[in-house]
Structure formats: structure tokens, C-alpha cells
Amino acid sequence: MESQELTQKELDNKKKKEEKAREKELKKLKAAQKAEAAKLQAQKTANDPKPGKKKSSRREVEEENPEDYKDPETALGEKKKLSSQMAKTYSPSAVESTWYEWWEKAKFFEADAKSSKKPFVIVLPPPNVTGALHIGHALTAAIQDTIIRWRRMSGYNTLWVPGMDHAGIATQVVVEKKIMREMKMTRHDVGREAFVNEVWKWKNEYGGTILKQLRRLGASLDWSRECFTMDEKRSIAVTEAFVKLHKEGLIYRDLRLVNWDCTLRTAISDIEVEYTEIKERKPFTVPGYQKPVEFGVLTSFAYPLEGGLGEIIVATTRVETMLGDTAIAIHPNDTRYSHVHGKYAVHPFNGRKLPIVCDAVLVDMNFGTGAVKITPAHDPNDFEVGKRHNLEFINIFTDDGKINSNGGPDFVGMPRFEARVALIEALKEKGLYRGDENNEMRLGTCSRSNDVVEPLIKPQWYVNCKSMAQQGLDAVMDGTNPKMEIIPKQYVAEWKRWLENIRDWCISRQLWWGHRVPAWYAILDDDELKELGAYNDHWVVARNEEEAYEEATRIYAGKAFQLFHDPDVLDTWFSSGLFPLSVLGWPDDTDDLKAFYPTSVLETGHDILFFWVARMVMLGMKLGGDVPFGKVYLHPMIRDAHGRKMSKSLGNVVDPLEVINGVTLTDLHKRLEKGNLDPSELKTAKEGQVKDFPNGIPECGADALRFALVSYTAQSDKINLDIQRVIGYRQWCNKLWNAIRFAMSKLGDDYTPPARIVPAAMPFSCKWILSVLNKAIAKTVVSLDSYEFSDAATAVYSWWQFQLCDVFIEVIKPYFTENAPAYVSARQFAQDTLWLCLDIGLRLLHPFMPFVTEELWQRLPSKKDLTRKESIMLCEYPSPMEDWTNEDVELEMDIVDSLVKSLRVLRSELPPNERHERRAAFIRCRRNDACETIKQHELEIATLASLSSLDVSLESDSTPGGCTFQSVNEFKVFLKSRGSINVEAEREKIKKKMEDIQTQCDGLKKKTSAPGYQEKVPANIRQSNEAKLAALLQELLSLKEASEHLEQENAAYHES
């Protein structure tokens, strides 16, 4: 079978070679036809003296076929067919089309569990099934794909697992809105089973948009392992985890306070609560209320004391909760209330006796009246007071936020905030109202429904996290053998703070969409109370109903009972906490689990360090026997260019696809109009867009966006994203494009790269570019290895931009335009070095910019003796070459560079009409050996500084006249000026520079001569200061020489 496949492959290769040969012949034929046509045209117009005719003839000779510059159509999933001629400018949409589908179909992203290569594994943080790509996702994808592509090219068996989170609350809200819009029904009208079916229908039709969008970014995920947190395998893992933890006593059921959403009628996690800081009274729109509700108000009222002892005044921001008050707390040392110790207040609406309790933990006797109303069932602090003093816990709210029967007949059925108003009026009628005042507070709302969160006491399932948290803490904090590293290290303190103060985790939710809690409640025939959950010891935890029945039969042997499945579902974070295990097949002992667990690194935002990362570590160590990943890299949060949080109401939300594809200002406005902003917010948002994107956003492409995001990661915990920077990298892609176009024109159709390179035999510029390339490779690899992505991106960018494009490509141009024997002999070296630089440079850049590097690399000629890899992503990532680094050559090029910069400065100071002319320059050297060195590099200096000629000699030789002048270290640099020099202006300029430098010298001298400087300042800083001072003094000397030269020029001019 193998030999047949090999034969077929050989046939395919032969066919491809024949097609290439035919294409080559066709190109030659076309070129010959064009040349012949040009020749005939030239003959035809030889006798025609009209200039217009000659011009027309030249145009016809140079006429090009536009079709040669267009990529032929490629079938989806096939390797991209490239145009015969490179387009003259870079187009992101043209370059980034077709490649991804080919990569995916060719299975370049797929990992092999049986491979002998060392594994490197990342699990993509599963985006919500409801989500669309936002800029945070783009940052995650850019960083993770950079890591994965680099490791893949470095010889690892890379696995990057994609998945989606079922997003319990978010998805349920979306589908609830859909059925209300389409059917005018609530989920309760539809019923649980039918509603869950509707959610699955929605998921299959609309869910997972974000995974398609990740492909547009070039994310090389292993789609063969794509999973969903509620698919069959992941559901089995969730059930197994719950059962195992329950058996060990780590999952239990208890009655406690939770964050309750009255609109969604469920408990929600802390991360789903958003807080608004309120300085003073302010109206807010609350779901379900026609009128805005006022917050930021502290209302005072009096409780009558039993036995005619007067009254006691309390204050609250939630008057309605007084219906559930069961005590009043005072400080035991507060002498104002010493007479009421052990007494009671009387509730004005239900007659309930409220004990006066002394509590030094809660009460600050210097705040307010020093008396605090206690509602144990509706406030976290009061809950603790209730437990300390054995108070009654009275819940006064229904699940949808109305007053229940415990609130009394006058208020029952009222929505909670309407009851607030009614209670104030009732207190006024009873003469107990004592006024209100502005109050600074934090208002918690649900991020999904925007409803105000209500603390409610509810029976829920909890995970005891204490022992698991200690394991997670030790995994990071163990000084001798830490199992896990957090990067950046600044977040280790936060990890320690969270895990040392961890509370038990509420994992049940009162939703219909999610993993059903694998617990059944047994109602016995002889139970006095028949409500679900009335007896906490009647719960049976099992993998399925059959197993639950067997367990219940064993527990309640000989008794009649009925089983009822717990209607609650599990917190989404519970299933996502198992993700590194479940995606690899746990609880089964799969090949993937054996090969790829623990994974290598988790990359995510620092905002979910506790909510997700810590929980994965706790569950991974407990159920998987090891940390789920060896490293955690936490990326910054993205803000706008002004440092503001991205918000729809500010109009500063950046959609990555709009940056990739481009968008007009009109379309940006339309996106805002489709949202739910009120008119004033819409106006503000549009004004923000006009200010930030006056002309919309031009098409930047995925490569430019990725590179910008990765290069931004040095900005600590926040990224201030400026779209102009992305646009700058898009323009840089054009520079890369032009570098390859130049190379292709200089290499020619028949160029074959050399089998090996020997830098020692090469011209100076070739030795230099290979030496600095070697350093760029080393810096990039070290930076990637230490998760310094910004440094890695800078190293690659700087080499391409400032060394290859700005220097090397410019400096070798004479080799291709001049026919002097020395140039001709250097031409082959220049070609070989250029090809090598482009091949290595594109491979070095590929993890950051996959699309443009693939397209450009595919155009490069390949070595004859090697089988070319199908894709650049399968090539080896560059590594430093021992014999390429040449410090002497780099030092010489540094001197050349300083002289070129000096000449460019002198040119910039010429009158505008003279700046673009090639002109003569002179360099005078203090030492003979320096003079010889510079003479060897006249070509490089003259080319880079655009000189007509360059004269290099010793300082003792005659000083050229009619020149502007600058001193650079041990060299004097002169540039010929066409006109006379404005002596007064030059004199003033030199004087100002000398004054500035003298000020710096004086400051540095003062610092270094301060008492204790030698003893207190580290040696490296002292050395640095000494070097700075020496450089400044040298610059002063140079300026003095420039001043003397100016006076000589002026004297010579007047003498003549």
C-alpha cells in the first residue's frame, strides 16, 4: 500500500514539474513576443520625429498584461495558485485569501498522540457559544498562535485544542429573548424540555460563529479535536467529577446567601456581578420597572422600643428589607444604648419582637446613630451576625423579586422597589420616618440581565475548596520545586491572596440550560414534609437515574420512596474548570490524555485568574493528579488609545474584523444604531467614533492586527490600543512585499540557492547582515521562550526594517546596476545572501504574520538538493549559526552608520531645493588605521548617504571649502553646499547645542561628585554615568571644532 501511495506521489510531483516547465516556457514565449513587438514598434516609429509618437511607443513597449498580476482562482481547500507576476502593492485581502482553507484541509494543524516528538499543548480558553469575536479574543488568538506556530516549527508535536463554552446564563438569555420575540412566550410558557430543545436548535444554527472568525485570524487550531462543554464526552466528565468529589465529601448542599438575579431567577457567580460606584442619589433603569429607581439614598427610620423605653433610629439604603429584620445591633461599649442591652424593639408592621444584640464585629459606634438593623436572610454581613447570635432568618422575597407572605399582607405581591416607596410612605404615616440623605455606595447588577442583584438565602450545592486551594497555592509558591509558574510574576501575590482567603464555591444555578446536577431527591412515603429538598439528608448523588435508584434502595431499604431529579444545573465555571482534562478524554484513559496531559501553558486574561485559572488548577490536581499546565501567561486588558475601558456607550469598541477588512465611518455609526443605546449615549458614541476614526478604519489585514497586538504585550496590565499602530504595521507589510519583489527581480528566473554559505568569503555587507540576523534570531528565540512577546516582535521587526530593508538592500543595489569587475564578482554573493536573509527572515516572522510570510515564502526559489516543504509552517524555525556572528564587522558597520547619519543630518540642514541632490562629501580621520577602514567602506557610505563622490583622507590633509560640517567621534564629516552658508544661523545653532550639552555635563558632574556617591551608587550605574560624561565632553569638543571650521569658512569667503 505504501509503495502504491509513493508511486502516486511521484507521479503527482512529476506532473507538477511538467506544469511548472510549461508555465516557464509560456513566460519565455510571452517575453519574446513582447520583445519582438517592441522591436517592430521601434522600427515603425524610427523615422517619425514627433515626440508624441516616441512617447506613445515607449508606453506600448512597457505595456503590461494586468492578468499577470492577478492570482488565478483557487478551489476551496486547494493550495493557492499565485500570479505569474507579483502585484505591485500589498493587498491584505488578496494575500490572506485561500491559504487557511488549504492549511486546514492538509491537516497541518493536527497533532498525533502516537508521535515520538516532545508535546507542546495549549487549550484555547473556550469562548461563549453566543459570542462574536472581540478584540480580547483577537489578542488571545494572536499570542497563542504565535506560540504554537513557533513550537511547531521548532520540532514539537503541537496541539492547540479549540472548544466552546455552553455559557449557561448568556445562552439562556439569548434564546429567551428569541422565543419572546418570535412566539410571544416565556420559557415557563414553553416548558423545560421544549425550551432546552429550542436552545440546542439555536446552538446548532447560530452558535460557534466565533470559531469561524478565529480562522480569519489564522489561528492554527486542531479542528479535529473541537469540542463543546455540553457535548456527550464533556457531559460524562462533568458528571463523573461531581460524583467523585461528592463521594470524598468535597461537594455538599447547604443553605446560604447567594447573589440572586430576580429577572433570570437564578444564583449568579461573583464574576457576573458588575459594580457601579454611586456618589449621590441617582435614578437607574431596572428591568421590570416602568419608572427609574433611585439609588444612593440613605433612609433613616425609628423602631419603637418595648416597654415604653422610647425609640432606636437605624438607617438603610434598602428600606424594603426591614420587613425581614430580626434584630438590631449595637456596640457593647456604646454608652448611649447601655440601657437597652437585652431589650427588644417592636416591628411596626408585624409586631415581631427584635432583640437588641451587642456586636463589636459589625457595629462602628462612631458611624451614624451607632445602631444597625439586621436582616440575616438578605445581607452578607447580617448573615454572619445572624449566625453569631442565633437569630431567625426570614426570606421576604419571591424568586422574581416580589414581597412574599413573610412580608405581611400590606405589601405581599409588590415588586421590591415599589415596596420600597410604599414602606417609606407607611413609615411616614406611623410617624417613624426620620428623613434621607445622599449616600455613596456600590450598586451590583447582573452583567447578563442588568437587574440589581439581590442577596437571597437559598439551598445550593457547594464545593469545599480549602484543601484543593492549598494544593494550588503550593504548586506556585513551593520555593524548592514549584509545579507551575505564573507570568508576569506580579500576579503571584494575587494568586496567593485569592487562595489563602478562598470561600466554598456555589456551583448550582437555577437555570434550564446547562449540565443538570447529578442528584436525585428521595421523598419517602412516611416523610412529614413532602417539598423537594425539605430534608437535606434525602439527596442521592449518582451518574444516572438507574444508579440513583439502586443507591436509594440501599439507603432506604424496605421503605417506599419516589425520586425527583434536581431541577438545578451546574455553574458554567464547573465544566470549564474541567476543560484541560475533559478535552483530552478524561475520565477515560485515552491516548490524548496520556500524551498531552498536563498541558504546557495556559494563556488568558488576568481578570479570570481566580474564576477560571485557580479552579482548573484545583480540579486538575484533584482529579487529574497533576497541575493542568506548567505555565500560566496572563495577558493585559485592552483599552482604547486614550486608556479608557472599551464601552458601547463611548463608541470606542473595536471589532477585530472591522480592522482586518476595513470599515467606513458610516458603517461604524450603523453598528451603534443597531445596539440598545439611548439617544444621548448614541450621540456621545458617534462623536467618539468621529474623533477616533474620522475616515473609518482602512483595511489592515489579520497579519498587521496580530503583529500590533503581540507587540503591545509589554504594556503591563493594560494595552492602550491605537489603530494607527495597526495601520503602520499594514504599511510595513507593504515594505516586506517590496523587499521580495526587489529580490525576485535581482535573483532572476534561473537562480538556484547555494547548498551552503561561507560568510568569511563574502563581501563586508553580506558578512554584516548575516551577523545581525544571527543576533536577531537569538533574541527572538530567547524572548519567545521567556514569554516576552513584545521583545520578540521588536527583534524581528527591527532586523527586517532597519537592517535588511534600510541598509542591506540599499547597499547591494550597486552590485546589480554597475558592471565593474568587483561588483560583478560580489553580485553572486549578494544574491545568495539576499535569498538566505529572505528565507530565514520569513521563517523568523511566520509565527507572528502567517499569511504574508506563507505567500512570500512560496515565491522564493528553493534549493535543488532538498525536497521543499509544502508550507512555511512545516519548515524549521531559525536557530543561531555559530560562525555567522562577527563583532568586528558589526563594529565597522556601526562606524559607517554613524557617518551616514551625520551626512543625512547635514543634508537635512541644506535649503529645501538642495536636499535631494547627490553631492560630494569628505571625511577626515584622526588616525591612519581609521582612515584605511573608512576607505574600505566608501561604497556603503556613498550609497546609503546618496553621495555623488566621497573623499576620505587624514585630518592633516587640506580642509575642503564650501561645506557644512559635523564632527563624529574621531572623524570630521563635510558635505558640499551649492550656495553660501548662513554663518550667523549656523553659529547660533552650534552655540545653542553647546549650551544644552554643557548643562547636561554640569548636572552629571554635580551628581557624580555628591557626598556618598561612590559608596551608595552601584558600580554599573557609576560606569554608565562616566561613559555618558565622556560622550558629552567629546560632543562638546566636536561642536567646538565645528565652530572653528565655520569661522575659517567665513574668513576664506570674505578673503575671496
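One-based numbering along the chain as shown.
Note: Cβ is positioned from N, Cα and C throughout, glycine not excepted.
Over in TrEMBL, the protein carries these features:
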- 980-1049: coiled coil (COILED)
- 7-28: compositional bias 'Basic and acidic residues' (COMPBIAS)
- 32-44: compositional bias 'Low complexity' (COMPBIAS)
- 67-81: compositional bias 'Basic and acidic residues' (COMPBIAS)
- 99-721: domain 'Aminoacyl-tRNA synthetase class Ia' (DOMAIN)
- 767-910: domain 'Methionyl/Valyl/Leucyl/Isoleucyl-tRNA synthetase anticodon-binding' (DOMAIN)
- 982-1044: domain 'Valyl-tRNA synthetase tRNA-binding arm' (DOMAIN)
- 1-88: region 'Disordered' (REGION)
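Within the model, the domain 'Aminoacyl-tRNA synthetase class Ia' (99-721) shows a mean pLDDT value of 93, rounded to a whole number. In the compositional bias 'Basic and acidic residues' (67-81), helix, strand and coil residues by DSSP number 3 helix, 0 strand, 12 coil. Residues in the domain 'Valyl-tRNA synthetase tRNA-binding arm' (982-1044) partition by DSSP class (helix H, G, I; strand E, B; coil) as 56 helix, 0 strand, 7 coil. Residue counts for the domain 'Methionyl/Valyl/Leucyl/Isoleucyl-tRNA synthetase anticodon-binding' (767-910) under DSSP, split into helix (H, G, I), strand (E, B) and coil, are 107 helix, 0 strand, 37 coil.
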